[in-house]
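Here's the structure we're looking at; comments come further down.
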Amino acid sequence: MLLSELSHPNQLHGLTVSQLEEIACQIRERHLQVVSTSGGHLGPGLGVVELTLALYQTLDLDFDKVVWDVGHQGYPHKLITGRFSQFDSLRQQNGVAGYLKRSESKFDHFGAGHASTSISAALGMAIARDRKGDNYKCVAVIGDGALTGGMALEAINHAGHLPNTPLVVVLNDNDMSISPPVGALSSYLNKVRVSPPLQFLSDSVQESVKNIPLIGKDIPEELKNIKGSVRRLSVPKVGAVFEELGFTYMGPIDGHDIGNLVKTFNAAHKLKRPVLVHVVTTKGKGYPYAEADQVGYHAQSAFDLTTGKSIPSKKPKPVSYSKIFGQTLLKICEQDSKVVGITAAMATGTGLDILQKNIPDQYIDVGIAEQHAVTLAAGMSCDGLKPVVAIYSTFLQRAFDQLIHDVGIQNLPVSFVLDRAGIVGADGPTHQGQYDISYMRSIPNFVLMAPKDESELQRMLITSINHNGPTALRIPRGSGLGVAIMDEGWEPLNIGEAEIIEGGEDILIIAYGSMVASAIETAKILKNMNINACIVNARFVKPLDKNLIMPLASRIQKVVTMEEGTLIGGFGSAIVELFNDNEINIPVYRIGIPDVLVDHASPDQSKEKLGLMPDQMADNIVKKFKLVN
């Protein structure tokens with residue numbers, strides 16, 4: 001059978017191992033062809049091809065439920081669930097999403113873009129199944145990196161106390177999340193992974209299997225058939241941690257051996273209780289460059305399949321904000337040993353990899369554990385260190401309570417750098433950094449800022465570190481504007497001080513962060529209509545520079561705010577509140593992201609759809625204030 005002929009995963013039923021292996025080759029070929037052309041997540045999907053095929057041969061996907069953690073691993077799933085012909089549109093506007101999405105396919109049982117959610121969701125489905133009296137299977141597939149997340153461990157703790165609730169958790173152990181995994185759990189899994197087999201399953205498990213009505217007597221023989229691949233240690237006991245938590249542990253087994261995977265999954269389903277199947281895979285399997293550099297090929301822009309090298313853009317791009325942040329923080333750390341960079345499994349993405357390589361003693365990776373990262377930083381600041389926590393805007397949402405309870409209330413000097421703030425593009429609604437202005441603005445004691453360019457980023461970083469209280473600095477995804485930066489001697493900003501970029505008396509545009517550049521372009525278009533705009537770079541959303549903004553607004557009487565974030569509770573709302581609190585009755589036109597989810601597309605396509613391109617904003621400003629007769 002050809003992969004292109006698969007329209008339903010149940011068509012895998014009855015296929016031989018050799019037929020499944022042929023489909024596996026076709027999946028990798030299609031996966032590589034599409035990602036090399038348009039970009040996307042490469043290594044994770046290549047590593048779970050055999051796992052996916054084997055698992056789906058043991059399930060009826062019209063009834064059974066599978067929850068894939070994060071969705072990085074979901075490309076093979078998409079290719080065998082009716083999206084082969086549309087796969088060229090991966091991560092493109094109106095195309096196939098890069099993550100699982102319930103609205104896209106009935107086989108996407110649960111959507112996810114953030115890690116560590118799968119076991120909770122699958123357990124919830126299992127509990128609902130049992131209460132309804134149904135009998136479908138529920139499976140969670142989670143990577144070893146995601147298993148470091150507290151939510152996953154909370155779910156394991158809960159599921160283990162439900163011994164009569166059938167649930168299969170497949171641990172896809174490739175010893176790699178996005179960055180190399182960290183922590184004691186990772187070290188434990190590594191010991192399990194390399195340990196020799198001493199005993200196959202415990203006598204108690206075999207005995208419990210025998211006691212299953214009708215089918216119990218047949219299972220031990222089936223289990224014996226997979227003795228070579230499903231292993232369990234006696235001393236030290238492999239899987240002891242999971243078994244103490246109430247799971248039956250099976251593994252570790254070869255995640256690329258389809259025959260043994262099928263037998264193992266069938267055995268796991270028959271146990272009718274919480275089972276953890278430990279599958280060892282190779283991230284990037286089948287593509288030598290991805291196997292050799294599992295971090296670099298986790299996700300890729302378009303690249304040459306033959307050489308494995310990225311296809312350079314036609315025009316050289318300025319250095320990214322993330323890299324400039326990392327380079328600047330490294331310089332600061334070299335001058336001050338009390339400054340420590342903290343990341344949650346995103347060293348490369350946040351630019352902290354340069355700190356990790358050069359001054360590892362001033363670098364901490366906590367794994368996929370944002371809540372822990374925030375409170376860890378709070379504790380460090382209590383005893384004189386100066387923590388700088390670099391986390392994507394979308395992931396910091398996961399630690400909102402810690403931001404309030406552990407940092408804000410205690411007014412601790414922790415610096416947060418929110419990477420990927422604003423519209424991020426192809427990763428879609430789970431990754432858009434559109435909420436941080438709103439959720440951070442409500443926390444007392446925090447100072448919030450966003451730079452207009454790379455140089456201002458450097459000044460804001462030193463301002464944050466020097467400030468005796470909590471700060472949050474948001475930076476956008478992608479390249480900077482190409483302005484000159486300094487290697488040292490950055491001048492701190494005065495907290496809450498804005499600047500006038502351009503004078504004008506017809507309209508006042510107050511822009512925040514990345515939207516300052518767009519405001520300048522918008523003003524140029526307005527100028528061609530003989531409309532002169534005054535442009536203010538707010539720099540800070542909290543505190544606002546009321547001494548600058550209110551007199552300008554009172555004089556010009558027409559105000560526009562621009563932000564790359566949700567309008568609800570955002571920067572524009574802060575301006576409206578400022579005017580209202582000071583009894584200034586001035587019309588304000590807020591431009592930003594309305595109350596919608598921003599789907600996957602290129603950043604410019606998303607901005608155009610939202611009306612955030614300069615020509616659109618200029619046109620809407622003119623219409624709003626009737627500036628042209």
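Backbone N, Cα and C atoms are what each Cβ position is placed from, and that goes for glycine too.
Remember, it's a predicted structure, so these values are computed and weren't measured experimentally.
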Same-site thiamine diphosphate binder from H8, H13, H72, H467, given that Swiss-Prot records G113, H114, A115, G145, A146, N174, Y287, E370: H72
Among H72, H114, N174, which are recorded as binding-site residues, the nearest neighbour of D144 (Mg(2+) binding site) by Cα: N174
Extent of the thiamine diphosphate binding site in Å [max Cα distance among H72, G113, H114, A115, G145, A146, N174, Y287, E370]: 32
DSSP state at H72 (thiamine diphosphate binding site), helix/strand/coil: helix
CB contacts for D144 (Mg(2+) binding site) [other CB atoms within 10 A, all chains]: 22
Per DSSP, three-state class assigned to G145 (thiamine diphosphate binding site): coil
Listed binding-site residues (H72, H114), ranked by Cβ neighbours within 10 Å, top entry: H72
